[in-house]
Amino acid sequence: MSSQSHPDGLSGRDQPVELLNPARVNHMPSTVDVATALPLQVAPTAVPMDLRLDHQFSLPLEPALREQQLQQELLALKQKQQIQRQILIAEFQRQHEQLSRQHEAQLHEHIKQQQEMLAMKHQQELLEHQRKLERHRQEQELEKQHREQKLQQLKNKEKGKESAVASTEVKMKLQEFVLNKKKALAHRNLNHCISSDPRYWYGKTQHSSLDQSSPPQSGVSASYNHPVLGMYDAKDDFPLRKTASEPNLKLRSRLKQKVAERRSSPLLRRKDGPVATALKKRPLDVTDSACSSAPGSGPSSPNSSSGNVSTENGIAPTVPSAPAETSLAHRLVTREGSVAPLPLYTSPSLPNITLGLPATGPAAGAAGQQDAERLALPALQQRILFPGTHLTPYLSTSPLERDGAAAHNPLLQHMVLLEQPPTQTPLVTGLGALPLHSQSLVGADRVSPSIHKLRQHRPLGRTQSAPLPQNAQALQHLVIQQQHQQFLEKHKQQFQQQQLHLSKIISKPSEPPRQPESHPEETEEELREHQALLDEPYLDRLPGQKEPSLAGVQVKQEPIESEEEEAEATRETEPGQRPATEQELLFRQQALLLEQQRIHQLRNYQASMEAAGIPVSFGSHRPLSRAQSSPASATFPMSVQEPPTKPRFTTGLVYDTLMLKHQCTCGNTNSHPEHAGRIQSIWSRLQETGLRGKCECIRGRKATLEELQTVHSEAHTLLYGTNPLNRQKLDSSLTSVFVRLPCGGVGVDSDTIWNEVHSSGAARLAVGCVVELVFKVATGELKNGFAVVRPPGHHAEESTPMGFCYFNSVAVAAKLLQQRLNVSKILIVDWDVHHGNGTQQAFYNDPNVLYMSLHRYDDGNFFPGSGAPDEVGTGPGVGFNVNMAFTGGLEPPMGDAEYLAAFRTVVMPIANEFAPDVVLVSSGFDAVEGHPTPLGGYNLSAKCFGYLTKQLMGLAGGRLVLALEGGHDLTAICDASEACVSALLGNELEPLPEKVLHQRPNANAVHSMEKVMDIHSKYWRCLQRLSSTVGHSLIEAQKCEKEEAETVTAMASLSVGVKPAEKRSEEEPMEEEPPL
């Protein structure tokens, strides 16, 4: 057997392994099994059997060669395996690196895309922000251009066009006319109007403590004849700069002191020095003057002037409020660096309530103010002044009040227009006279603040040796401390003089006059105990006296019925008993008058101190009327009855003079429609017409913070219901709502003014008065009631004051009725011409309170913009919010016929179906004729509100309470209040004119009523049968109702023989069903 040679020494036949070519190497699997390459270790089925014969015989012949051959093959196989393994590892590494590079590239690409997207988004935001800034800038420019155009139009107005701002020529002509008319009277009577008694200089005048060493320097001297009043040229020297006997050195010294005082305020400008100096002249005392209504006005006419009304009974609010006002103004300045461009809050959908009112004219110059003040003096001659009053100019004691330096002109104009009543003899010399006239509208509680300053301490000032206060808070405490000490000392001296004078008069000849025991301090409980002496005539409580014999003289200025009754009462008195009775009555009146004056001053002083955050507690002395050491008790027993625990079951009235102190610090009420003269005029009207005497006057109180939080949020209650010291503890972001008004005062918007000291107390007092009256009516102590309160409340929302309102009085009263008395059904009727958005918000989801509002809506274009007919409530309160929204503007304006139709077709049917337990009325009278378009514009009569009140009295068993809301024309609100109170008393109302009875409602009103009825017919079935009579007049509607009632009665009288009488009545149609 031959074998061929091989390079490896092996025969080609016996070589079991062949070398791998590169192509096969590349296609080899990644894993190799070594066992397959070893013939000795492979299973027999894995390798084919070798059947060759030569091979079998060669194995035993060449064992060594075979072994060597196997070793070589195994070695070669191991080498190939290592090579393949290295190739596979290299391939794996190459692919892994390739995949890693791809992943990294993808990751970089993704990051790049994200960065590009972020860059694009940021660029878009920048562009959007730039567009907003540009748009805001354009809006500001347009608004500025618009204001400039309006101002330019006012400046370039033609003389023939109407304007609310009087031109200079008109003012000069009016002033010249008044001066010429009053020149002779002023020249003839000026010297008689000035008191020359030096005691009045120190006891009744106000001057700075810097001038304590010198007599008061008045603008005019009492010992010289004065020149005739006339016009002064602006180029001339100021006529009242100094008197002839005053040296220039003393004048310069006084001017330096006054400038130093004024410059202590950060708000005062250096340029307003002459104006402020002109206002610091000494007051002129007038001892024999009185005020009454304007000439030609009867007892129903209100005060024709809305002058500055701030206080009464000799306690001026400007003295304690000066440091507090300065504190607030200082915070306004230091927070942002300047007071001006602070944003004004606007209502939810419309601007402020007074938007569109004519602008007030510029303040007159100092010379004009001097002329107006001197013109008022002759008109006060030969008149009776109320006890404890005299005339004094308005003194600006705070920087904010100095900005409105012309604020005292309305006071003097108010005094010039007063009518001169018949002169009466004073009851007691030195005490003033008791007004016994019956035709006066302005009572003792209506006199302006500048008149109530007779026996009052001097305004507080800083002595030359006193150090300057370091901050506003230190100044406030210093002023209050000085005021407290001076007031008590002054009051003690005054009371001792009065008691000594009275003891000399009424003491018996056989008994020497005893020194009276003075009690200048009194506890709060005793003040409350004596309130009965202040609210009702003392003569009504005298035992053993007939009422007709005492109707002629009343201490609290209650109007007498007539002069004939007085004369008749005098004739009925027996001649023998007349001297003793009159003398005893005179003594009692004198003692009571002294007690009333003292209690008035203490109450007002204590209230002003508490409003400023300084509690004042008096010693627990007994009331002087019950002390045996009193001179009055030496002659006759002085019995003071406690106020009755249960009032008369009649109409209740509530009113408090502290609400008069809520007024703007500018002092100009002409620029603020909601002023103190509103409620003062109403109260005087009720007193003069005799309605007040027929009602039960209850005592009001301040609502607690917990009561206010039943409707308002805690932050809102603390911000607007606490004193300045507590407000300083709040977050500065909350107090930023206060802004500086154009008039110089402070407010939360251009309508809603804010007084740092008195506004919170007045707002809480208004709520408390309404709550007290509502609870007395709900519990059956009173029949019904009328609350003469301010500020109003139906616009105040949970956390937002607006529209003159801070706290919602009616809403708080309704919430407390639900919580404390568990009243299940309460009806709130709001007939103010503006929608009560605050009351609607408070009860929008409450099914137990039905809120019905009659207001001017004009498709949301009238303040406040809310009150659409489709606002029916939410949740369980759906259907219990009824908005009788009148649309169509003032073409024509709504009147009596439209409101009577709305009551007939919407209000009364729903109210009867609701069947309330108590009825509350937000009684705003700004829908009465006489209000300008922005404040109302409707033409309702005052009689109409009397008829609306009479209809509501048929609900809830007569438990009806009216709370004053809006209304800014004094004549309109006085007439409407008189009509409502007369209706509450059950008096017969004056009939409506025939024109109103036969007048049909206008098309706009019919459309508005049909829309409301269509919306609410799904909630109130009573509206379905009245849709056909919406357009009828009152006479036509009554005729239809009469015919329907006759038809129902006739059908009820029909009989069917087969049916028993008992079943016939059940199948007859009801009155609510339409007639067959």
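Glycine is no exception: its Cβ is also placed from the backbone N, Cα and C atoms.
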Same-site residue for Zn(2+) (record: Swiss-Prot; known: CYS664, CYS666, HIS672; options: CYS695, CYS697, CYS743): CYS743
Listed residues SER221, SER293, SER465, SER507, with the one flagged phosphoserine by Swiss-Prot: SER465
Phosphoserine per Swiss-Prot (candidates: SER562, SER732, SER1065): SER562
Same-chain residues at least 6 beyond the ends of the compositional bias 'Basic and acidic residues' (132-162) whose Cβ lies under 8 Å from its Cβ atoms: none
Secondary structure content of the compositional bias 'Basic and acidic residues' (132-162), with strand meaning DSSP E or B: 24 helix, 0 strand, 7 coil
Local confidence of the prediction over the region 'Interaction with MEF2A' (117-312), expressed as mean pLDDT: 57
